[in-house]
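**Student:** So TrEMBL has the following annotated:
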TRANSMEM  36-58  transmembrane segment
DOMAIN    69-301  domain 'TLC'
TRANSMEM  78-98  transmembrane segment
TRANSMEM  110-129  transmembrane segment
TRANSMEM  141-161  transmembrane segment
TRANSMEM  167-188  transmembrane segment
TRANSMEM  200-220  transmembrane segment
TRANSMEM  266-290  transmembrane segment
REGION    332-355  region 'Disordered'
Amino acid sequence: MRDPFPIAPIPALSAWIQPYADAFHLPTLPLHIHEVLGAAAFYTFVHTILSPIISNAFFSKYYPKNHRARKANWDAHVVSLAQSVLINGLALWTMYYDEERANSDWEQRVWGYTGASGMIQALAAGYFVWDLGITLLNLDIFGLGLLAHAVSALAVYTFGFRPYLNYYSSIFILYELSTPFLNIHWFFDKLNMTGSKPQLYNGIALLVVFFCCRLVWGTYQSAVVYVDMWKAVQRGPDAGYIAAAFEKASGVDKNLMHFAKDAGPVPVWLAVTYVASNLTLNTLNWYWYFKMISAVKKRFEPAKKEKAAVPAGGKGTGNVATGAMVGEKQGLRQRAHSIEDVVPDSEELRQGTIQ
């Protein structure tokens, strides 16, 4: 499928980036540089202009306009919400309509290229360009952990312009299916809706989607890509296969292996880098999910201790006060159970590189 982005490559931008693309072996980058920079500019616009306008108009009571750190964090969540909804929709659309991509064999999954998958990769890279920029400008707020995440994520998506695993750009972006629910959960906290039914329902959806898209889908697809990469490290694409492909169709829009004509085996360093990044993310996904589950168990233990602190049949104010004091000394708070007990704070999740 051709790149469905409504704006064609800009010759001046393509010419500007061409020397860098040649130097770093990124032949498809000139075809998508306008999308990378366009996405980065769009998310910068959302962060600096659109989010303040909308937030002041509809949530002026809660929007921390006079607190730099909280404002930056709020605006970053607005961008994350917008990006996750947009990129998920486009990735699902691409996977459904891109027939060339759907019919790819293992060689095409590793070295092949379609314009639609290239667009997904470029828009994701543009988001991480914005992410890197905003993190550097607010390093004291977001910290070195998020800086490392932004750098590594941008590097992984940049490798795709070799092209490398272009097929999987849409697959792994679906990790983001849980991100809208995570951001909505965060906004419920800021709008003083912690423990409300809407947050409960959203939290249940978060847990279910997180499990399905990150743990089930993500782990399975990781195993598939490892198998493809193992084959690709052993040998390059078959020369006869590529020659036959070029006989049937020529041009970047018709031949998935257009950029693999002179490709060799995947460098070991590239495969190792990709596997290490993927394993790190998958490990974090499992870690955070089990932390969510353990939070449920821990939340019920304090409730039992509090109940035991008040003697049975104790109706006098003295007994109640004593029980309250014991509970307070033990650091226990009596409140209704909510999804907040199940889901770790979103700032902890962000520090865990879950975006």
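The backbone N, Cα and C atoms fix where each Cβ goes, glycine too.
Just so you know, TrEMBL annotations never went through curation; they're auto-generated.
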**Student:** When you check the transmembrane segment (266-290) against the transmembrane segment (141-161), do you get at least 3 Cβ pairs under 8 Å, counting only pairs 6 or more apart in sequence?
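**Tutor:** Yes, since the transmembrane segment (266-290) and the transmembrane segment (141-161) share at least 3 Cβ pairs closer than 8 Å, they count as touching.
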**Student:** Report, as numbers and ranges, every residue of the chain located at least six residues beyond the transmembrane segment (167-188) whose Cβ falls under 8 Å of a Cβ in that stretch; write 'none' if there are none.
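**Tutor:** Cβ under 8 Å, 6 or more out: 77, 80-81, 83-85, 87-88, 91-92, 94-95, 101, 104, 108-110, 112, 114, 117-118, 120-121, 124, 157, 160, 194, 196, 198-199, 202-203, 205-206, 209-210, 213-214, 217-218, 221, 225, 281, 285, 339, 343, 346, 349, 354-355.
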**Student:** When each of 78-98, 110-129, 141-161, 200-220 is checked against the transmembrane segment (36-58) for Cβ pairs under 8 Å, which one has the most?
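**Tutor:** Comparing 78-98, 110-129, 141-161, 200-220 against the transmembrane segment (36-58), the winner is 110-129.
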